[in-house]
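Taken from TrEMBL, the feature Na(+) binding site applies to Gly34, Val37, Asn41, Ser272, Asn304, Leu369, Asp372, Ser373. The disulfide bond annotation in TrEMBL covers Cys140-Cys149. Here TrEMBL flags 28-46, 58-79, 100-128, 187-207, 216-233, 269-286, 298-324, 357-378, 399-424, 430-454, 475-496, 516-535 as transmembrane segment.
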Amino acid sequence: PHQTPTDHELDEAEDREERGMWANQAEFLLSCIGYCVGLGNVWRFPYLAYDNGGGSFIIPYLIMLTFCGIPLFMIELALGQFSGYGVITAWRASPIFKGIGYGMMVVSFLVAIYYNVIIAWSLFYMFASFQSVLPWTSSCGKDWNVNSCVQTNVMSNYYFTTFVIPSFKTNILRINKSEGIGDPGTVLWDLVLCLLLAWLIVFFCLIKGVKSSGKVVYFTATFPYIILIILLVRGCTLDGARRGIVFYVTPKWDKLRTAKVWKDAATQIFYSLGTSFGGLLTFASYNKFRNNIYRDTLIVAIGNCATSVFAGFVIFSVIGHMAYKLNLNVEDVVNQGPGLAFIIYPEAVSLLPAPQLWSILFFFMLLTLGLDSQFAMVETVITGFMDEFPKLLRPYKTLFTAGICTVCFLMGILMVTEGGLYWFELYNWYSAYYGLLINSLILSIVAAWGYGFFFTYKWRLVKDIKMMIGFNPNWYFRINWMFITPGLLLFVIIYSGINSVPISVGGYVYPKWADDLGLCMSVTCVALIPIYMVYRIIR
């Protein structure tokens, strides 16, 4: 029988209740902050800034935030909250575009695999901090510093310099025992156990969906700021800190002519804000229909990027201090790379009183930062499938969650072998690269021009948002959605493609098969869009 609109609205409300909802507005806001403010802010942003000349990275980063990050953030929240469904089912108004949702799930799945490896490293360091002497500050020739440190006597204290750089790669990751990506070597069981523990934590926190993770974020979203403030205060009091900060805020204008800095800034905005990963859409789908997403967009997006810049001051104040002690230029202190957070931050906490306590608290902070984002990425995959196949999967939510976590854990084991860092870098480089940028371009065009103009009716997206928040989004959002955001994304994609170079880490250049494998990984999320369109038309 035909349902009246009232019956349909009642069914929608019942379905939202069955899926679960945030207990209050604070849970949603803190979950978004926790999701966006993650390891991308304190781990990825500083090393990209260091790699791209400090201040010259911040300029394209802020441009991409203004014209891509914030507009796309608003689109995701609007689609999720209006539909009340995950990344796939949210497109039922324009079902031919469901491939975008599947693409978001693939990106979140791939990133979740290697993201938990970083959390495993944090657990490893945290457990190592329960020692009378922090192992990375022990004398040369001992523990983590074998054949890899320079020891100087400064004011009766031992100061350890470049020791941690090879130490992180050789004594923890044991990469020196591997000849390259084709030689994974043996499994590192200490890191495997840390990875297993990381996935167990994710599973138990997600076992009841937002009803359980919503309570966890009250602590995990606020605790990191306390630690970062303490480290910044300490860092700014160190000799030479000013040199590092000046390097950080001073642009190198010639860097702005390279494709790499623009590509890195664009991908970092997506990593940092989590746009086009599907996490924001998923979180918003658990909102009440009238929630003010306009306010939430500005609070979370601007606050998140301010945190990235803030974390950069923490890192570069310590790098400046190390440069001062070693009498080196700031850019020559450490090798860039994803290990930077596990090089500079341990050095920073070792300079505090009671370094063991601060080291434990710091790596616990990294754990909480990573878990917030990890919750969202795994929840995106789980919710996407559950909303698309509710009768099949919802009764078995716990079992399905356990299955997803198990598959991700097994795939992540490759990254905790002797050659695991090479695979980690491949995932880090390609899992959210061209595919994510192209998926974001398609999302912006489809939401503004397809769903919001030609395929339904004129300005539908704007009218949907007005129905939820009571007023139309201003012209800043409309102009960006229609023209600037897709235009800027297209420019970055083409410019990066023309100037692309094969992946390399340090002095190691990846073989062609590995580079091709990474490219295949990157475009998988985009390939699903035309594949689903063809399937929908044929069906």
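Glycine is treated like the rest: Cβ placed from N, Cα and C.
Note: TrEMBL annotation is automatic and uncurated.
In sequence order, Cys36, Gly40, Asn41, Arg44, Phe45, Gly69, Asn304, Cys305, Ser308 make up the list of same-chain residues 6 or more apart from Ser272 (Na(+) binding site) whose Cβ falls under 8 Å from its Cβ.
In this chain, the transmembrane segment (298-324) lies in contact with the transmembrane segment (269-286); the count of Cβ pairs under 8 Å, excluding pairs fewer than 6 apart in sequence, is at least 3. Spatially, the transmembrane segment (399-424) is not adjacent to the transmembrane segment (28-46); fewer than three Cβ-Cβ distances between them are under 8 Å for residues at least 6 apart in sequence. For the transmembrane segment (58-79), the neighbouring stretch richest in Cβ pairs under 8 Å, chosen from 216-233, 357-378, 430-454, 516-535, is 430-454.
Here the transmembrane segment (100-128) does not lie next to the transmembrane segment (216-233) in space: the count of CB pairs under 8 Å, restricted to residues six or more apart, is fewer than 3. Ranking 28-46, 216-233, 357-378, 430-454, 516-535 by CB pairs under 8 A with the transmembrane segment (298-324) puts 28-46 at the top. The C-beta environment of Ser373 (Na(+) binding site), restricted to residues of the same chain at least 6 apart in sequence and closer than 8 Å, consists of Gly34, Tyr35, Cys36, Gly38, Leu39, Gly40, Tyr115, Gly274, Gly279. Remote same-chain residues near the transmembrane segment (187-207) are listed as 116-117, 119-121, 123-124, 127, 172-174, 213, 216, 371, 374-375, 378-379, 382, 398, 401-402, 405-406, 408-409, 412-413, 416-418, 420 (criterion: CB distance under 8 Å, separation of at least six residues from the stretch ends). Each of Ile33, Tyr35, Cys36, Gly38, Leu39, Gly40, Gly274, Thr307 belongs to the same chain as Gly34, Val37, Asn41, Ser272, Asn304, Leu369, Asp372, Ser373, is absent from that list, and has a C-beta within 8 angstroms of the C-beta centroid marking the Na(+) site.
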